[in-house]
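Listed in TrEMBL for this protein:
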TRANSMEM  20-42  transmembrane segment
DOMAIN    36-282  domain 'G-protein coupled receptors family 1 profile'
TRANSMEM  54-73  transmembrane segment
TRANSMEM  93-115  transmembrane segment
TRANSMEM  136-163  transmembrane segment
TRANSMEM  190-219  transmembrane segment
TRANSMEM  231-254  transmembrane segment
TRANSMEM  266-284  transmembrane segment
Amino acid sequence: MNNVTVFILLGLSQNRNTEVLCFVLFLFCYIAIWIGNVLIMISIACTQLINQPMYFFLYYLSLSDLCYTSTVTPKLMTDLLAQQKIISYNNCMIQLFIIHFLGGMEIFILTGMAYDRYVAICKPLHYAAIMSRQRCHTIILACFAGGFAHSASQFLLTIFLPFCGPNEIDHYFCDVYPLLKLACTDTNRIGLLVIINSGLIALVIFVILMVSYILILYTIRVYPAESRSKALSTCSSHMTVVILFFVPVLFIYIRPNVTFPVDKMFALFYTIIAPMFNPLIYTLRNLEMKNAIRKMWYHPSVIYACAIK
């Protein structure tokens with residue numbers, strides 16, 4: 001039996017002054033997320049960068065970042081100013097599904113980007129043949145499918161749980177572990193399945209990504225100084241994004257079915273902070289992206305032509 005029709009989100013803090021301060025901070029963060037990611041998407045889509053696999057994946061990474069944070073941040077900011085932070089049962093389940101779908105898709109896109117860099121640096125003579133446009137589209141479709149499969153399994157583990165009360169979620173959005181605490185049934189087995197589905201998958205992919213970057217660093221040791229510097233700059237940007245996203249995810253999902261107050265702080269990293277810093281990380285250390293942005297800034301007609309096209 002499910003007697004709960006709405007959930008109460010406890011949010012980040014119960015102090016009114018802290019909530020107002022957080023609202024102002026997250027408002028600026030959300031504006032920066034929109035400006036940064038939209039700027040990257042336009043700069044890639046309206047220039048020749050879209051034809052390069054690395055920027056093709058970066059376009060979809062920015063799109064997933066924008067959608068991912070928009071699933072959480074507007075509701076969070078609204079709740080910071082509200083007297084009572086509530087979300088209906090149906091909207092909670094929808095938010096859970098979308099968050100894990102976009103989060104899973106982002107993990108697989110980061111994997112595709114690491115594969116692209118590995119092929120470009122370790123197999124440069126075969127790069128054009130391996131990373132063809134058809135292969136890039138196939139990888140993106142696989143990212144969508146992987147994200148959907150991950151999210152659907154999380155959703156199915158949660159949707160059939162009985163909630164008899166209480167209905168207070170100690171978080172600022174609907175996630176699996178806080179919901180498992182409210183279920184009026186034994187959730188130990190479900191918690192184990194969540195670890196396998198989220199924690200172990202994220203851990204395996206993180207290890208694969210780190211190994212791929214170690215192989216890249218090993219390969220470029222014999223490169224000329226200029227080529228080595230460019231490869232290091234690109235890979236260091238990717239590694240920074242991977243660490244910023246994966247470390248908080250692993251902290252939350254790789255352990256048994258328990259929650260800590262600090263989980264909400266770690267969740268901020270992959271819901272708000274990482275989407276805000278990704279555009280900076282990929283533009284400040286990337287000459288091609290900076291040139292594309294300058295082209296958009298000094299030649300607005302390029303955007304107009306791109307929009308017509």
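Cβ from N, Cα, C; glycine included.
The shown structure was predicted, so the numbers you read here are calculated from the model rather than taken from an experiment.
Take the transmembrane segment (93-115) and the stretches 20-42, 231-254, 266-284: counting Cβ pairs under 8 Å, 231-254 has the most. As a whole-number mean, the pLDDT of the domain 'G-protein coupled receptors family 1 profile' (36-282) in this prediction is 88.
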